[in-house]
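Participant: Quick one: structure below, then a few questions.
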Amino acid sequence: MLYGQSPSWRLALRNSPRGGPRFYSTARTCSKSHPLSIRVLKPPDPSLRPRVSLPLKAPKFCLLSTSSSRWKDRGEDDPPEPIPVQEKSNNEATAEEGGTKQPAAGDAIQESKRAPSTTNLGPVSLASGNIDAKGGSEAGSGGEAGAGGGDSGKKGGRKVSIEKALQKPSVPEVYPQVMAIPIAKRPLFPGFYKAITIRDPNVSAAIQEMMKRGQPYVGAFLFKDETADKDVFDNIEDVHDVGVFAQITSAFPVHGEENSLTAVLYPHRRIKMSQLIPPNRTQEVTKETANTTVIDVDPPGGEVAKDTGGTEKKGDVVASFEENNTAQQEREISSYEPTSFLRKYAVSLVNVENLAEQRFDKKSPVIKAVTSEIVNVFKEVAALNPLFRDQITTFSMSQSAGNIMEEPGKLADFAAAVSAGEISELQDVLETMNLEERIGKALMVLKKELMNAQLQQKISKDVESKIQKRQREYWLMEQMKGIRRELGIESDGKDKLVEKFKEKADKLAMPEAIKKVFEEELNKLAHLEPAASEFNVTRNYLDWLTQIPWGQRSAENFGIKNAMTVLNEDHYGLKDVKDRILEFIAVGKLRGTVEGKILCFVGPPGVGKTSIGKSIARALNRQYYRFSVGGLTDVAEIKGHRRTYVGALPGRIIQALKKCQTENPLILIDEVDKIGRGHQGDPSSALLELLDPEQNNSFLDHYMDVPVDLSKVLFVCTANMTDTIPRPLLDRMEMIELSGYVADEKMAIAERYLAPAAKELSGLKNVDVALQKNAIEELIKSYCRESGVRNLKKQIEKVYRKSALKIIQDLGEDVLSEDKAMTKEGMVALEESKKDMTDVKETPSAIAKETTEVPRVGLNVPGSVHVNIGKENLKDYVGPPVFTSDRLYEKTPPGVAMGLAWTSMGGAALYVESILENALNASSRPGLERTGNLKNVMKESTVIAYSFAKSVMARMFPENKFFEKAKLHLHCPEGAVQKDGPSAGITMASSLLSLALDRALDPTIAMTGELTVTGKVLRIGGLREKTVAARRAGAKTIIFPSDNMSDWLELPENIKEGLEGHAASWYSDVFDLVFPNIDANQANKLWKAQLAKPEKEGEQAEDDD
């Protein structure tokens, strides 16, 4: 199509300012012999100022306007005028927007410079004419400039002198400095229009002023980065140095975008960039611009400006770039820098130089042969591609047969301009100034276009051969399949889906039962329509069925030394756990394989139960998967949902197999003692099948509905206590108890693991910050007395965080400034976030600009910094000590005994206190009050201890009537903590006897054991944790039941160090230890004075009798 005939061109020109000139495209001859002839528009008028065409007496052409139809009287050789940018009033803009019809997608020519395509090359390339040395045109037609849009003469526009109107406009041959506009996707070629969109307000304002000044010249350079989207550039390396010198023929605002322009460029010649003046230039850089061209401003023909000054309005610029050395010598030279006004805008200015085409021999056989081949390829492409046919036809009409062969350079540029080749290839054509090389490269680009057209035709023919009597919709679908098949990106259709499932199944060792189910479901899928609801259900089921690793196992490592190394690297102590893992590995080493086992680690928080599972997986070279069942109430999380439900999924075990892609992973089930129970079922009961070695070889998931072998899986469970685990489930697991750590173990863990990790986490890895050993001991003794090391880890991290803050405060912000930490992308994001004034609770619209992948980097602390943290200054980092003494009582009064208790947090010292509520006298009544948040079992223990204590006093000290008259109160401290269990029996009895005998117990004696009414001491649990608690509380003697002697002997020596253990079978053994060398006579005489009856009361009683 011809330039101006496209609806898109008409729309673009209709949206241009109403008062400005317009393009006119279709010309009708007035001759009778040619009722309709087509003319190609000349290149845009390169005039530096507007001019008004004089009406002719005998108009030769009938020009059709793009707005309302009207006749224009123009000369045959008058060039089109440049279109200045004019601001539209609101009323005009509204009227034009309301009356403009949106163009179709295929006719769009007014597109962004960021994504040009070949669709706009039709009108772009067809606007070319025969360009002379000045950039003028031999033939063309255009509109007339004026306030009336072509009717200025009728509406009384301004008058222009005949001399000024007859001036011949020209494009400056030398223009050493221009504003550079970067373009993307493809370069521009001389002689072919291009419409670009400018969104940078500075560039838009600069273009408007250029148009007003009559200097609409820019340099267009191609971005090296295809994804770049800017109107300016700061680095000369961002763009190719070879571009085009272009004239802005028209510019008009973009609808709906403020400060945006659509500009139409007409490239005149090739230029090369020599220097960049970036948009962020300073005033000094601008002043030091070296290559400024001085231009003489004179009226053409030597006329004086005052002759036309009366007829021109303010703002008109009359400039001539023609050299006139004689005139310059005869009169005073006025200097003028054409681009000086652009320096106030943040635009890219470049110094450029023209690239002259190398001389060539028109009679060269090589040039003639390549030119002929290009013409032949054009003919072949025109026969295959209708779009190219229109473009080539129009280009041929603008050239005579001789002109095409005589101007091979223009033919090469046209070939590159209309081809959709690689960007690098097109830029190479633009940069090549040797004509033989250029036409050769253009031929290569055109050949690729021919190959694409031939492939398109082949695909079309292949598809058409399959079409007989089918509907058009089916024909289109088959054509799409053919195209995708040639490109190798065939869509995921049903046939391909079936083939994909077959390929995946062939790689798996499915059992026969599973394979039969798979084939049935696959056959069902093949016969279902994709639109059916059952299709997606079957597809998802087959997807899961083929993602389970049937028969795929990871190669296990049964090296004993390797396992020891890995376990010791990650954990200190835990000898029982490590020995059990080594036993497991030894069996696998001898058998060559191991069946899945179910281990359960029970211990207080912070002792490494969860982390040991990951270490075991690493030692065995097994895949690791962890999920928690704490608070789980839905049995479907374990066994999956039925496929009939919408969004049904398999259970967590099947998901673990899919993720690990092996049949023998290590699956860690965390918090198994906190599993819940709801109306969706009992998950703990669902675990019975899962964790039973006799049943899990055919585990049945509700979703899969096929047996899955889990016998190769190593299950590891963790729990804080066993009381809440159902007995049948507990029976299926092998229990391994992890007790709390003593002080020396905590010290080793802190030095080896916790302190280095916390130091690196605080950014002090390479800084001289020393945490002394005595400081760690103080932390363990006065701040962290719990069984685990989690709280110790928090305190050590707090110490290093405080150290980091102190270092920054001492050095100051100048040494560790934010500018050094921020990356370049981070600085940009920070600047954007400063502009954001929205509330922090709302997500800003420009959040993408305010975020970046790596906003900042770490800073290096100078080597002169030294921080030493010892026991003396530890309080400056973690505050005052939490525990100020080892025991609750440094010296216990009568009635106080130290017992030992086991909790989910580990062992703890449990004191039992007994007091006498009222003064003893002969008339007082006995009683027992119990407090301390005691549960039922412990309440019964108090009753048993009270009864047994009375029996001891009656048997051993019959004259001591303390319990017959004493009203007692027994209390266990820490009333907020629930207490239960029978192991405090001997402690309560000792407390009551201590009060009755008025004798204080040794504060370093701790005891534990269940007591019967006959005085038998029974077995208790958690002796290890209780022993650790006794040592932590400063006890030196521990009394425990004789039945627990085996547990005592198994304790590590480091735990028993400093403790003297005594086993007791009867309470008499305990009595001898806590009340040594007691005087029976003195004990019998206690409380006699208080319990003696007064004499008067005694006589009154006799009288009453």
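Quick reminder: no glycine exception, Cβ is built from N, Cα and C everywhere.
Pulled the feature table from TrEMBL, pasting it below:
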ACT_SITE  SER983  active site
ACT_SITE  LYS1026  active site
BINDING   GLY603, PRO604, PRO605, GLY606, VAL607, GLY608, LYS609, THR610  ATP binding site
COMPBIAS  137-151  compositional bias 'Gly residues'
DOMAIN    178-450  domain 'Lon N-terminal'
DOMAIN    891-1077  domain 'Lon proteolytic'
REGION    1-29  region 'Disordered'
REGION    66-159  region 'Disordered'
Participant: Roughly how many Å separate the Cα of GLY608 (ATP binding site) from that of SER983 (active site), to the nearest whole number?
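Facilitator: One finds 27 Å between the Cα atoms of these residues.
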Participant: Looking at the binding-site residues GLY603, PRO605, which sits with the largest number of other Cβ atoms within 10 Å of its Cβ?
Facilitator: GLY603
Participant: Other than GLY603, PRO604, PRO605, GLY606, VAL607, GLY608, LYS609, THR610 themselves, what residues in this chain have Cβ atoms within 8 Å of the centroid of the ATP site's Cβ atoms?
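Facilitator: What remains near the Cβ centre is PHE601, THR718, ASN720, LEU738, GLY788, ARG790.
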Participant: Work out how many Å separate THR610 (ATP binding site) and LYS1026 (active site) at their Cα atoms, rounded off.
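Facilitator: Cα-Cα distance, THR610 (ATP binding site) to LYS1026 (active site): 23 Å.
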Participant: Just give me the nearest neighbour of SER983 (active site) among the binding-site residues GLY603, PRO605, GLY606, VAL607, Cα to Cα.
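Facilitator: So, of the listed binding-site residues, the one sitting closest to SER983 (active site) is GLY603.
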Participant: Could you measure between VAL607 (ATP binding site) and LYS1026 (active site) for me? Cα positions, answer in whole angstrom.
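Facilitator: On Cα coordinates alone, these residues lie 16 Å apart.
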Participant: Check the Cα-Cα distances from LYS1026 (active site) to the binding-site residues GLY603, PRO605, GLY606, LYS609 and tell me which is shortest.
Facilitator: GLY603
Participant: How many neighbouring Cβ atoms, not counting its own, are there within 10 Å of the Cβ of SER983 (active site)?
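Facilitator: The Cβ of SER983 (active site) has 29 Cβ neighbours within 10 Å.
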Participant: Counting Cβ atoms within 10 Å of each candidate's own Cβ, which of the recorded positions LYS609, LYS1026 comes out highest?
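Facilitator: Result of the Cβ crowding comparison: LYS1026.
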Participant: Taking each of the binding-site residues PRO604, GLY606, GLY608 in turn and counting other Cβ atoms within 10 Å of its Cβ, which one has the fewest?
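Facilitator: If we count Cβ atoms within 10 Å for the binding-site residues PRO604, GLY606, GLY608, the smallest count is at GLY606.
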